[in-house]
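Here is the structure we will look at, set down as structure tokens.
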Amino acid sequence: MTAAYGRFARSQTLLKNGSAVDCSDKDGNTPLHVAARYGHELLINSLLANGASTAKCSIHNMFPLHLAALYAHSECCRKLLSSGFEINAPDMFGRTCLHAAAAGGNVDCVQLLQDSGADCSIKDKCGRAPLHYAAVNCQFKCVERLINSGAKINETDEWGRTALHYAAASDIDRKGQNVLSNISESEEESVKAEIRKQREAAECIEFLLQNKADPLLFDNAGYNAVHYAAAYGHRKCLEYLLERTRICRNEPIVSTAKSPLHLAAYNGHYQALELLLQSFADVDIRDEKGRTPLDLAAFKGHTECVESLINQGASVLVKDLVTERTPLHAAVINGHTSCLRLLLEMTDTTEVVDVVDSKKQTPLMLAVAYGHIDAVSLLLEKEASVDAADVYGCTALHRGIMTGHEECIQMLLDQEASLLWKDCRGRTPLHFAAARGHATLLSELLQMALSEGDCNFRDNEGYTLLHWSAYNGNENCLEVLLEQKSFRNFQGNLFSPLHCAVMNNHENCASLLIGSIDASIVNCKDRKGRTPLHAAASANHVDCLELLLSYNANVNIVDNRGKSPLMIAVEKGHLESTDILLNGQKVDLAAKDKLLNTALHWSCIAGHKDCAMLILDKIEDKYLINATNKALQTPLHIAARIGYKSVVEKLISKGASVLALDEEGHTPALACAPNKDVADCLALILASMMSFPPSSTMTSFNFVYFKKDSLNKSHLYDDSTVNCSYISETQNRNMTTEDGSNDRLSDSETF
């Protein structure tokens, strides 16, 4: 604190009482850094006399000399240099004290450092020399000094920028704001300060050009000094640059996709834009995306630039190369009504108001979609078509309802926009209202639509307003619709609103439908024979399952493939749904689908052993344990093939036959083989072992139990005399299994 406020006498007292001369704060600043920053010469003398180090680094590894130079304290620089500091030592960004002095703008500091051996050719880590720093900060005197002392005027940094680029891009506005922030200055003094900075920027440009700076030298991005001056709106700088370049009406700058016109228009520099318009013959020049300066100005809402461009003949109908939008679309997107008004009023063509982009969207559609009320009002005032449709068949009303901008919707309705206009999927604005949950709006639109007579509220897939409301869980919209008697029955697509509700776990909507219509709808079927209970089981929506079961939904009803809700649940591996269905009504575990698979088969086929264990806990009938499907496979065949040990153990304990043969003649043991060929090989090996006496690990057995049709009947043992036994434990461990599903079964159809 003593160093910051320059309290010399107090510093002497502190130093005499043992204060650490090189103590540092959290940023590494020592008292010497602080004194150098604030220009306290006497304090610097005192600190140096007491052994303060000039080589200590603060934030960004800056030395005290960096700070003194940056803040233009030449006498402080002189005192620090007298201590023998290495003058070209860089900070962490490679900047020397001369870089800092050039940025600070005190030419005495620059001269002092150069006289003391500072090298003006040293670059920072980005390739910038001190001249670049002086130029970007509009430090004319420093620029002059550095060039006169031998700095290379057209030297580039790693981005290809010269000092002229930086001077053209100098942030005059930021400098002006720093001056304006001084509350002691009057408004007049602030204006004078800003004018002074603009003059200094122009002086830098002029001096650099006089010393053979190349105004047509492009950086790595293809921009030259004219581009930079245009982007930052430096009119005076532009005047000097345009005078010295070979730009003329027939020779625009084409080194980069964006011209100076684009940059000035996008950033709203209308004075710079007006100057550039005098040098460009093509006012509709395009950038890499096909956008004109007028498009960019309209998009950003720069009214003065829009007016200047239109006065110079810029077209409002030029389309870009990406979305084919026009300047009108660009203005509407961001709600720039003043620009939109100019574009509409300063053209004589009548088709402008309904001009379309690549998706056939009109400006009105975009204005409604983004909720720009003033723009919508203006376009309707200009007689924009309210029923124009885009490539998807959607009108402005569709968009307004989708986005929920009620004021825009009301303005369209006042213009008699069609309520029953269908998009390419047959959906009206009412479908959109039902889908988006706009209950109040849906009620209003419904009354208007019903007053027009018999209305067809089905889309191309047969889905009604009830379907869309239920699918999206919009309970309020359902209430509005069910108030109308005509909606209290299921019409259209057989995948009913109740299916839609439970499929997406909208329990309240499902309850409302059942209560408002009839409990019998819980067993309604879609075109594939599936009930809402199938849908809830497929999606594992437990609450909806319980709701349907509470209304006595048939738990054993099957779809067109013969599948019950339980089969669907176990096939999907939904343990919770499986448990509810097993513990609900009397479920028929013996039911089979068209492939004769039971629920137990499906739990094994799909590889859901937890579901299989739940089902096995409910089965006591040995017949169900050994039930076969069309391939004559028992659940044990399938579980063994997949390798589910716990399920296999449970099945055997429940009486599953280990000798059952499938259609290939394989027992469950041979079903463990990864494919038929391996199973056949294994059967042959086991058959050949019958020729030898029983060993300690293998007892004799009848080959017929493994393969009934591989050998001639003369080789088979007599069933009445053979001693049948299982494979020993040792042999069983050597048999391989494959972890996978039965590839002979057809893929199940998803819900």
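Any Cβ shown, glycine's included, is placed from N, Cα and C.
Taken straight from TrEMBL:
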- 27-53: repeat 'ANK' (REPEAT)
- 93-125: repeat 'ANK' (REPEAT)
- 126-158: repeat 'ANK' (REPEAT)
- 256-288: repeat 'ANK' (REPEAT)
- 289-321: repeat 'ANK' (REPEAT)
- 323-355: repeat 'ANK' (REPEAT)
- 359-391: repeat 'ANK' (REPEAT)
- 392-424: repeat 'ANK' (REPEAT)
- 425-447: repeat 'ANK' (REPEAT)
- 528-560: repeat 'ANK' (REPEAT)
- 561-583: repeat 'ANK' (REPEAT)
- 631-663: repeat 'ANK' (REPEAT)
Beyond the flanks of the repeat 'ANK' (93-125) by 6 or more, those residues with Cβ under 8 Å of it: 60, 62-63, 65-74, 77-78, 81, 87, 131, 133-134, 136-137, 139, 141-142, 144-146, 149-152, 157
Cβ contacts under 8 Å made by the repeat 'ANK' (126-158) with residues that lie 6+ beyond its boundaries: 93-96, 98-107, 110-111, 114, 120, 164, 166-167, 169-172, 175, 197, 200-201, 203-204, 207-208, 211-214, 217, 219
DSSP-derived helix, strand and coil totals, residue by residue, for the repeat 'ANK' (126-158): 16 helix, 0 strand, 17 coil
The repeat 'ANK' (359-391), counted residue by residue under DSSP: helix, strand, coil: 16 helix, 0 strand, 17 coil
Contact set, same chain, for the repeat 'ANK' (425-447): CB under 8 Å, 6 or more residues outside the stretch: 393, 395, 397-398, 401-402, 404, 406, 409, 419, 457-461, 463, 465-466, 468-469, 471-472, 474, 476-477, 479-481, 484
